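Trainee: Feature list, courtesy of Swiss-Prot:
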DOMAIN    2-205  domain 'CNNM transmembrane'
DOMAIN    224-285  domain 'CBS 1'
DOMAIN    286-346  domain 'CBS 2'
TRANSMEM  6-26  transmembrane segment
TRANSMEM  68-88  transmembrane segment
TRANSMEM  106-126  transmembrane segment
TRANSMEM  148-168  transmembrane segment
Amino acid sequence: MNLTDTVATILAILALTAGTGVFVAAEFSLTALDRSTVEANARGGTSRDRFIQRAHHRLSFQLSGAQLGISITTLATGYLTEPLVAELPHPGLVAVGMSDRVADGLITFFALVIVTSLSMVFGELVPKYLAVARPLRTARSVVAGQVLFSLLLTPAIRLTNGAANWIVRRLGIEPAEELRSARTPQELVSLVRSSARSGALDDATAWLMRRSLQFGALTAEELMTPRSKIVALQTDDTIADLVAAAAASGFSRFPVVEGDLDATVGIVHVKQVFEVPPGDRAHTLLTTVAEPVAVVPSTLDGDAVMAQVRASALQTAMVVDEYGGTAGMVTLEDLIEEIVGDVRDEHDDATPDVVAAGNGWRVSGLLRIDEVASATGYRAPDGPYETIGGLVLRELGHIPVAGETVELTALDQDGLPDDSMRWLATVIQMDGRRIDLLELIKMGGHADPGSGRGR
């Protein structure tokens, strides 16, 4: 091989490496682009953007074309490298006593390492990183060439696609021609968290979006006000009794029951007081103004609960358990607070549900386990309970009195028991048989000998 042939071969290898880079860049830029971004740019962009749109609509075909192009250019690079390596001189190695066979092998090895490394770096890694970092800009530069190549080799691409699809079907899997663009709520939550960490979303927006996306995974049982916290009025109560109950409790909505909450006949709102003249309020029964009550099962998901509550007359629904008994009541305010946080008015208790206290937190016993995790970092194991108060009751095994403590098992980020971290719960206040307030303290390792279960 003369000098001219050697130079031509080297230039051809460089050109093939660049071709590999074009196909790699096209593949990664097309997969990195979101469909909504592609469509938006195509509507108001240049002809290149519309070219990208057409390629994105046939993404599976274009990716197969890119793979075929990468294979062809890589094989051609290897084919041209072999004679070039064979012509490399090795008299220096022979002069130091190395045999021709060993010298040929050594030179071939190092030459292939150099060529392969250059091809990998400049033909694959650099284009890939550029495409991932700047997908739209990269696609505008390379997709036209990629589409033209795929058009010219359409028969070969369809043949290889058909063979691959046949094999995949034999494995019991139906091939997907395009990448899935829809995302589940869990995937969207992960994207929101990543965007917040990178600074693309501010913390407040990310927090609101996460809670909105996670809302549908909650159930009516998790969203409701529990039965023990409901103030009910009887069917023989009057409008005057409604006024007194609203003043005493600070609530605005009350179920009207016949005996107990399992026999709820309607819902009244304090605003209905103004529909009755003052002189008639003492003898006007609540049943005359009560609205029909909506009923939802405790297992209904948050989105469905929202729809039913919004459709009800007073934006309130009673929640029933699997046995048909009333488990609680859910209002539109409950649902909104689950998304935006506490919405307090002049009638609400000013005490927040979680308060930092010394080296721990004072939390309401009615807080759900996931709310405790968000506020304090304590991750509880799964169990037959919904609230932190329920967890403590289960661990104690009896109805406690104020001052009792119990050591709680914690989970790590992978959901496995974390023996290196323990938490101590102390009952601060009881409300009848319900834990109203408790204190959580994070402790390294096991609790000290002075603490224990049910002390």
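For all residues, glycine too, the Cβ spot is worked out from N, Cα and C.
Note that this is a predicted model, so its numbers are computed, not measured.
Context for these features, please: burial, neighbours, distances.
Mentor: Mean per-residue pLDDT, taken over the domain 'CBS 1' (224-285), amounts to 92.
Within the same chain, residues 23, 60-62, 64-66, 68-69, 174-175 sit at least 6 positions outside the transmembrane segment (148-168) and bring their C-beta atoms closer than 8 Å to a C-beta of that stretch.
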Trainee: Count the residues of the domain 'CBS 2' (286-346) that DSSP assigns to helix (H, G, I), to strand (E, B) and to coil, and report the three numbers in that order.
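Mentor: Tallying H, G and I as helix, E and B as strand, the rest coil: 22 helix, 17 strand, 22 coil.
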